[in-house]
Amino acid sequence: MKDQSLAILYFGSVLVIAAWAAIRLVGRGARKSQAIEPTVYALLFLAGGIFASMGRAWGLPNWAKQVIDHFVTPPVLTLLVFTGAFVFLKGLQSRWTPRLAVHMVIGLWLWFLLSLEDRNFAALVLAPDHVAVLLFIAASLAGVVYGLGLAAENDRRRQQNQPVMEAEPYERERIFVWPDLVYIELLAMLAMLGVLLVWSLLMPAPLESPADPTWTPNPAKAPWYFVGLQELLVYFDPWLAGVMIPVFIILGLCLIPYADTRPKETGFYGFRQRQFATSVFLSGYILWTILIVIGTFYRGPDWQFYGLYESRSIKKPSVLETRPLSHVIWNVNVGAHEAKSMNPWRVLRRESPGVVLLGMLFGGVPLILRMKSIRQYVPQWSRPTHWTMSVLLAFMILIPVKMYLNWLMDINYILWLPEIGINL
């Protein structure tokens, strides 16, 4: 990336941090010491912008890039993201959580700017069809943090027997649809139109050469909004990854209003009363985002894993072929075990490890939801609702389970049934 463009990003960061400092100082009970952290960050980004404008942009050392490529792999990234989300939700009521979240966001942004100095990283993340993924991640992170911040504030108010923010007089004031609401919608529409116009002028369309029937791109990636499904095809058969799992996702979203019917807890943002529903929804949302990130930024030629700073022009050797769980448990060669068995008891004995694992998953989730320590977070469901939500939750847990089995043990199927053409 050009140093002049990096300088603009650094100086723009200084303006955003200055606005953040001004908001902190204007608040009631603000102290001058609250401006220390924004000032330090502003000076840091200002120095980075000055060096970039002089043609000496900062960048990560080679050893740091090698460490990130070696350790920040898809398994580690998935674990870090879910652990961070768990810690954030667990400490939502703590005072240190918002400050820590701000520091983490600024740190990630600084890492991003430092990484843009690397040619391979810049070519990867600034590709025309990859910028949308960055905007999607930034918008999702901002929306989730803002919504959970409102939920934490309402929970604090309810603990102190104060009205929630949505019950304040200025929030309950009646506003006419015309012209007040329509006027706001018009401004929002014009603002979004301006963003799309600037985006289309600055970023070229992700168009490639005309299609050639004799040559297939490697990798032939789907658009970013479908690359999650393409990544899911690595771990599941097409009938499951392309049909059943999307249907289960839509079905689960449709069942949310019917699974949590508590009229006294509606009409305002809150987390304490809906910890289970919020956590499950965010887990699914994060999981789908991770699939998009892995398919977009980590997959290279031959759908192999590449580091963020590795060149995609260097083709990697193919990894070992994956095997079903039964072959790994019984230590059986795949080639010698290709013959189908028509003896059902032999098939059951062969696939017993997978049956046990799936039984533990689909039988354990309903039992866990019935535990007293968990029941306080779960609504009082009827038996059909309980089993329906348990099956959907078990299928959601099955996705990361199969991802880690594939990553760490080269296992492609938990249940391998070539006799009937069904694999799981």
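Yeah, the Cβs are placed from backbone N, Cα and C, and that goes for glycine too.
According to TrEMBL, the feature transmembrane segment maps to 6-27, 39-59, 71-89, 96-114, 134-152, 181-202, 239-259, 280-298, 352-369, 390-409. The annotation domain 'Cytochrome b/b6 C-terminal region profile' is assigned in TrEMBL to 162-295.
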Problem set entry | Paired segments the transmembrane segment (239-259) and the transmembrane segment (390-409) in contact, 3+ CB pairs under 8 A | yes
Exercise. Which stretch, 96-114, 280-298, 390-409, tops the Cβ pairs under 8 Å count with the transmembrane segment (6-27)?
Worked result: 96-114
For this session: Work out, from DSSP, the number of helix, strand and coil residues along the domain 'Cytochrome b/b6 C-terminal region profile' (162-295).
Result: 88 helix, 0 strand, 46 coil
Exercise. Would the transmembrane segment (39-59) count as touching the transmembrane segment (390-409), i.e. at least 3 C-beta pairs under 8 angstroms with sequence separation of 6+?
Worked result: no
Seminar exercise, completed: Contact set of the transmembrane segment (280-298) with the rest of its chain, CB cutoff 8 A exclusive, min separation 6+ beyond the ends, reads 73-74, 77-78, 81-82, 85, 89, 124-125, 130, 133, 136-137, 140, 144, 221-222, 224-225, 227-228, 230-232, 249, 252, 256, 305-306, 308, 393, 396, 399-400
